[in-house]
């Protein structure tokens, strides 16, 4: 393995900027790594080698002209296949979009390009970001670099696995109920979900519009913060984008790296310990991390969030409702797959056949759930009621943040599970997001940072902050990282 | 006792009381579409005024057009509505290929403007039409079915979709049910749409052209026997002119009455009005109502118009058409009855513009309500579509006033104008219709007439001036009517030494 792939994004950027290495060399090293290991990992759905080399050469040319380079110029990035990339295939992990090349870049991708990062390709995911294991990708699952027989989390398993396997130092994910944080947790990487509206959704193929949030995936907290600053910020093309400056996340990460958390109050949600809870190995690693944070000066406070127990059911009404509408456009009329258009069948038949063939089982399940929840006569009982729960959960967060700076929990109740072990019972799969979903309903930021191993598999520690106070969670996450260190997966060679 | 067969309509409204309601869609004249920056102008090659947003491509997001919101609020204010201090867009979900996202961004239970009214005058009576709501939504694309005989989907070999219209801002104005208008219901419906159109035009928010579809009207009609509950209503679509609004209500009243008289029941359905036959035909049944699964549009933030802004918009509203008409009536010196006939003919604005172009009010009214109204009626078209512009009418009158045309010639010139031959002066010259004012030519014609009618000339010389008429007639004949009769008479008397 080339040493270049083991470097952090911050180190790569510095070496390129210092002229120690060219962006093209860095890019080729990662393309080589992908060629070597992605057959085992299957993190990528599409590798854009030509585009990546061209982008890298542009950075090298800029540097030769002595132009100022951005903080991540020349650093390779993998992009979840749910964000549009102009002229580059974008499938959202679905057969229904196979072969579609978008005519436009998403805002996040545009900002990555403007910053001089090098987009390596598009990463695997559960179809339309619905799932917690990438087993619902229409193109086959991604394998966890820690144990190729286990899931890498989802929906953004491809992005998390790509960085865990050193195929890329950075990746972009999207988080609707935990799709950045849970894969981060089970692959031993950092996954950050910014404040909803802090990063633009323009060009993000919508699953649940009121919840979807693009965010950074990285191997260190500082790298995640650097990527966060590049991709975030107001975008007029997204009405729900917040017209405020990006919280100072890089500064906060650097501050946290000093290992001082004196005066910082961490809230432990009492309700998270009740009910299904997390498996013992996860709880053990979590409590070890709490002890480490206390040593750094943080104070632990128990807080009550009585409505968190309703977050999962509320989420599984709101997200499917929005998805049932968002996914209506995939009908075979304008782009993507079309099935059964033999000149005799009616339009409705062709639409039905296309959707029948083009969508996988989990997407169909959620479209049906959502269609039902929005139906006349059921709307108030389901969608309407879920919105009320959402308001109550937001109140819980607001009250908690009057007492503490951040809330902490395990990211996910269990470590990476073997393929096939949770696909037969959707509820068992949905439980993976038990601790991450409340944050999405509230709209605040959350980050997962590795805190140790359980039975040799990574455990994630989640930190949740108030809306537009993303910097707080980066500070705590960086402090924890300084105490427990980063995790290195077993070698994929041989 | 004598049996008279009443006309079906009179019969219908003698037995039943109609309740009408109108839903009007107005395409706003904003520069750009409702949720993206694409241009809105009519025409253009299919699918050239589109972008990822109005094509609903995966990942695209809408951004609301402020100018469209402003126009909607102004419409609401002009219709005496309350303006919401907080409201949302909603998604209306249904599958149809002309709708790129398979949902339409519209408004549902939180419209921008609610609870207003519009007063219209019919037959000297003021009828207050309640306005239920005014809301903002996006238009759909257009589907063209080719290869079939009817232009309908049935029998077509291909269906083509043009998304140029998709996303154009559309305002929907819905009235409350209007009962109690009796036999006047069709005229009330027409008067309402006319008044609404004038208000919208005055606000400058739309070009309100019914024939191009920028103003579209659906008419709801139901009948009930006096004292009974309102009947089942039908919704008539495809009503594309003011005249059709009136005809559609009238024909639906007749149809429903005959169904009810025969003991049948009215089916709640959408019907289509036919310009050719003047009646309505059933469309899709609404008995199995589509469930649109409305829910608040999560891609857009709620609208919260600043009350100060709304107040400023209200203060800057133009004079309402009714007030404006009252002022015109006074300046034109018309009686209420005369003004009513001007309004009924749809000639207010035409006369106003003709006067602005230099004609007197009396002359403008004469042309528009006379010759031009006659032609419009004959062709079954709106007066504004008759083929002459106010500027042309004013020019025609200037030619008459200047003695270049007499009344008879002016009508011939107008015929040429209406036929598209050009402006009045050009038509006059091209057709050689000007009054002969060349004294030399006229004198020659007079002398020839005197020579040819020596006996008549003698009578005139002898003081029988009335006999000059025969000589005038002869001159007019040789000049093909293009001489000024008064000038001819004077010339004859002069030549015969009789004046």
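Residue numbering: from 1, along the chain as shown.
Heads up, the Cβ atoms here are built off N, Cα and C, so glycines get one too.
Source: prediction; values computed, not measured.
What TrEMBL annotates here:
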- A:25-472: domain 'Amidase' (DOMAIN)
- A:80: active site, charge relay system (ACT_SITE)
- A:155: active site, charge relay system (ACT_SITE)
- A:179: active site, acyl-ester intermediate (ACT_SITE)
- Would you mind reading off the Cα separation of residue A:179 (active site, acyl-ester intermediate) from residue A:80 (active site, charge relay system), to the nearest angstrom? 11
- Message: Check the DSSP secondary structure of residue A:179 (active site, acyl-ester intermediate), expressed as helix, strand or coil.
- Response: coil
- Task: Sort residue A:155 (active site, charge relay system) into helix, strand or coil using the DSSP assignment.
- Result: coil
- Item | Close in space, distant in sequence - residue A:155 (active site, charge relay system), Cβ under 8 Å, 6 or more apart | A:82, A:93, A:125, A:126, A:129, A:130, A:131, A:132, A:134, A:136, A:174, A:176, A:179, A:183
- Tell me the Cβ neighbour count for residue A:80 (active site, charge relay system), meaning other Cβ atoms within 10 Å of its Cβ, over all protein chains shown. 33
- Query: What count of other C-beta atoms do you get within 10 angstroms of the C-beta of residue A:179 (active site, acyl-ester intermediate), across all chains shown?
  - Reply: 36
- For the domain 'Amidase' (A:25-472), mean pLDDT (0 to 100): 96
